[in-house]
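S.K.: One structure coming up, written as structure tokens, with questions to follow.
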Amino acid sequence: MVGVPAVTTCRWERLETPQPERTRRMLRQVLQAGLRRSFQTLGRFVASHPVFFASAPVLVSVLLGASFSRYRVEGDVESLLVPKHSLAKIEGNLVDSLFPVNRSKHALYSDLQTPGRYGRVIVTSKRGSILDPVHTDLVLQLHRSIVLLQVPVLGFNYSFSHLCLLDDKNTCIIDDIIRALEDSQSARFANLSSHPLRYPITRLADGRMAYIGHQLGGVQAWGSGPPVRGPGVSGRGEGVRSARALQLTYYLQARGALTDRVASQWEQAFCGELGRFGAGHPELGLYPFTSSSLRSDFQASSVLAQRPLLASICVCVLLSVCCCSMRDCVRAKPWLGLLALLSIALSGLTAAGILNLTGATYNSTYLGVPFILLGHGLFGTFEMLSSWRRTREDQHVKERVASVFSDVMLRYSGGTLLHQVTLGLAASPLTNLEAVRLFCRCAALGVTVGYLYTLSFYAACLVATGYLETGYRHGCFCRRVPKKGALDSKPRWYRCLMYTRYQDDTHTHNAIHTPNASHAQTLTSNSILTHTHIPNATHGHTHTPNTTHSHDHTPNTSHGQTHTPNTSHGQTHTPNTTHGHTHTPNTTHSHTHPSNTHNPTTSSDLRPRDSHLLLGCVRRCYGDWITNTYVKPFVVLLYLIYISFGLMGFLQVSQGSDPSSLVAMDTGTLLYARAQQRYFSSYSPVIGFYIYESAPYWNASVQRDLLEYAKGFQRISWLESYLEFLTERNISTTTQSRESFTRMLRLSFLRQPQFAHFADDIIFAERGEGEEPEMAASRVFLVAKTTENKREEMSVLLDTLRRLSLTSRVRFLIFNPSFVYLDRYATAVSSPLRHSLIAVLFLLGLSSLAVVEPLVAVWLSLTLLSVQFGVLGFMTLCGVELDCVSVLCLISALGHSADCCAPLLATFSSGRGDSRTVWVRLALERHGVPALQMLICYIAALLPLAAVRSNLTRSLFRCLALTAFCSALHTLAFLPTLLTFLPPAKKTTSRPGDRGEGEGPREEVECVEMVDSTRVVDQITTV
């Protein structure tokens, strides 16, 4: 028999393979065979009970959808966007236990992060200075209208005086700039000169010094004045020439449910009053902001995205239906495109119902979850449809579905596992950012449910459309297609609508052959045919007895021939004569086929699945073009450019800890934040410098250290004021005892009217009867000069002062409510991405020992890293900062890129015998087309999201679009090119079923023909 020596040699070569490698290869083959057999059994079971598997997911989704009565929106934005376990939170709790933050809000100023209830407004002048008399009178008029504003609740009218914070004189705390303007107005009415206003620290009429850097903005100064020395204040002030903006804050109390309800309604009335006042006085610009503005404007993105999401659904439905359609009306399955999206929608509804039942809350970051479900769901459905088109059309529907499950579900399950690893680890307690954790928990649940629904609901729909196909019914209208003769009398549009070659191709093409696939030949009598098979050749023969013929097979060609007695195909056939080989009942014969003969023009017309537009384009045009020798250098150059721009963006990554960057556009929060950045960016928020342990303040070295720490800041310090107070009275500041230092502080300094407010900054602890109390804790307020990059400078300042507190002899900490957003934000945001990436690489490395080919794991790991690198770099170049939304997209990009690239790599790596180029083209044909279909629908669904006027949705759109773009580049360009000259290499040694490049005759393939009661079945065995 031909080929036996070659087989023997190959067996000896396999015995020489190292034992560990051979064992691992055998283990992988056994595991893969077992998993494929399991999925094949599952597919056959689903095909046997399609009604149950189609109706059960719908019923479960409807039942869980009723849980939307428990739908709740997250009300605490700070808990979502702030690192959960940060040092700033611990410091805030300690500060609140010593000096209640709610009572010191007027002194511990912060912009968007002030705790409690309050109303705030920035007043700007559109022409001239806000300190002009006409504008000053309007500002004071606005202040009086706000103070007199009343809110009716439970039959009682509440005003600001009922809700305001009270000082030690039981009067409402108002901003110092209001007192300065009132003094200026009173002096103007009395024709007297008022105290000159200085910036950022000024002296009020009662002699008290006040910091107004966060109340007066857009200041133009006359020039630098002498150092400001006054009670409790040290710094350098400048005379104010003009100012463009004022900021007024009204702090409210919310001690219980009733007062919180009243305060909430007062904030709404506050915004309404500002709107009415601004309409009546267009010369002023008003930018209101309340404690609930950030929450409402953050959730407004969901409301604004409703119509664009509906448009996304419509566009995606249209394109998915087109991707499932074909010219052949019987083979076309447009309903599967719609049913695929219905399966994804049902999985999302089920996941949302489960979350509602568990008490979860909704926030605007969940807008990205449907797109994760869409990408992974379309990947599985298009892969199943592509595999269906490669099955034998003469098989029963159950067998075809079983073949689809055996071919696709191993890859689809691997992709789902990667999604679960990345999202599941990010949803674990290791994640320090609540928004990321909740998003990944929701997405992981949706991906799991979507996987189960694809195995059940979509597979049942595939069974139903399969029966329509075998019943010769129209793929769209489900009616039986007339025979070819009956169509001749119909109109042209009707013939075009009912065009099909299904019956002709089914009788002509009894099998479709791909590398390492089985042959199927239909003969009219029992015979045994032995011949040599070349991979990538498709054979379909109909033989009659006593007919002989001879023909050549070429790679990647299809043959459909019908032989009858006394007919010729390239030569003359006569009964009982032999031409190359003779076919007679119950006889055995063989023939050989030459290799490396290409004839691509004969393959496209006879393969039924090539009537799909995308598949035909990839097979006839794109596959040859991307693997062309002259195109490869340009693709490599494109990849180098891709890496260069990615590196450029990677080096410019910046963190986005500002919560205003996640709200909807044209909202009060964003307008207020822009006005504040424009007019009030010269100075930082007021930083509290807290000494939380008893310290020897009377010691000269301690005094020197504390003064050194505060050097360079604008400061409001009781210690400096007290030392100046002692110096003015010729009392030594360094030689006093603890008792005399404390006694003078309590009984003399704090009882002066201009120093009385410092009593809130010192905590005294009783020591014993007859002993002087001890200073247990104290605080000083510092203000830093900043530039436009205020948040970055605040983050650097926070780290610097914390390092200083570790080496200082005085135990202190610094705090401002805004620090909870800045503290370790970059670490909290990047850690979920880092953990997920490490977990995926570990999973791929572990699976390469048993399930996945090692080179596939290596290539997939490098591809995931390349995609992540590109998305992160291009995201930065597009102006997206590293915040919770962009990190969510980067985590989901791991699974998305694995869905696109893993099948291509697996098919290429498993190929044997042919050249790299042949297997790259085949991998593109099998898996590049489903990936392209998924990416088309995915990107089209993303486009309407770009029209939403929201910073959150635009960041989401840019990151997800870049993920799809980078995945498409790697799947359709970079990998097909790089695989043609990088490992894994294709073996050219002689092995059963393999064919090396440039070889002549190959081993024989024995086709044992068996005839049952219904049809002819071929079994193919390598000899």
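Cβ from N, Cα, C; glycine included.
Computed from a predicted structure; not experimentally measured.
TrEMBL lists these features:
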DOMAIN    305-464  domain 'SSD'
TRANSMEM  309-326  transmembrane segment
TRANSMEM  338-358  transmembrane segment
TRANSMEM  364-382  transmembrane segment
TRANSMEM  442-468  transmembrane segment
COMPBIAS  560-571  compositional bias 'Polar residues'
COMPBIAS  572-604  compositional bias 'Low complexity'
TRANSMEM  630-651  transmembrane segment
TRANSMEM  833-852  transmembrane segment
TRANSMEM  858-880  transmembrane segment
TRANSMEM  928-948  transmembrane segment
TRANSMEM  960-982  transmembrane segment
COMPBIAS  992-1005  compositional bias 'Basic and acidic residues'
S.K.: Cβ pairs under 8 Å with the transmembrane segment (630-651): which stretch of 338-358, 364-382, 833-852, 858-880, 960-982 has the most?
M.R.: 858-880
S.K.: Using Cβ distances below 8 Å and needing 3 or more such pairs, separated by at least 6 in sequence, tell me whether the transmembrane segment (442-468) contacts the transmembrane segment (338-358).
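M.R.: Answer yes, regions in contact.
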S.K.: Report, as numbers and ranges, which residues of the same chain sit near the transmembrane segment (833-852): CB under 8 Å and 6 or more residues beyond its ends.
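M.R.: For the transmembrane segment (833-852), the sequence-distant neighbours (Cβ-Cβ under 8 Å, at least 6 residues beyond its ends) are 24, 27-28, 31-32, 35, 414, 417-418, 421-423, 425-426, 430-431, 858, 860-861, 864-865, 868, 887, 890-891, 894, 898, 906.
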S.K.: Does the structure show the transmembrane segment (960-982) and the transmembrane segment (858-880) touching, where I'm treating 3 or more Cβ pairs under 8 angstroms (sequence separation 6 or more) as a contact?
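M.R.: Contact between the transmembrane segment (960-982) and the transmembrane segment (858-880): present.
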S.K.: Between the stretches 309-326, 338-358, 364-382, 858-880, which wins on the count of C-beta pairs under 8 angstroms to the transmembrane segment (928-948)?
M.R.: 309-326
S.K.: Which bits of the chain, at least 6 residues beyond where the transmembrane segment (364-382) starts or stops, bring a Cβ under 8 A of a Cβ in it?
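M.R.: Same-chain residues near the transmembrane segment (364-382) but 6 or more away: 80, 298-302, 305, 309, 316, 320, 323, 336, 340-341, 343-344, 347-348, 408, 412, 415-416, 419, 435, 438-439, 442-443, 446-447, 450-451, 454, 458, 662, 884-885, 888-889, 892, 895-896, 899-900, 930-931, 933-934, 937-938, 941-942, 945, 952-953, 956, 960, 964.
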S.K.: Average the pLDDT scores across the domain 'SSD' (305-464) and report the rounded value.
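M.R.: That region's mean pLDDT is 92.
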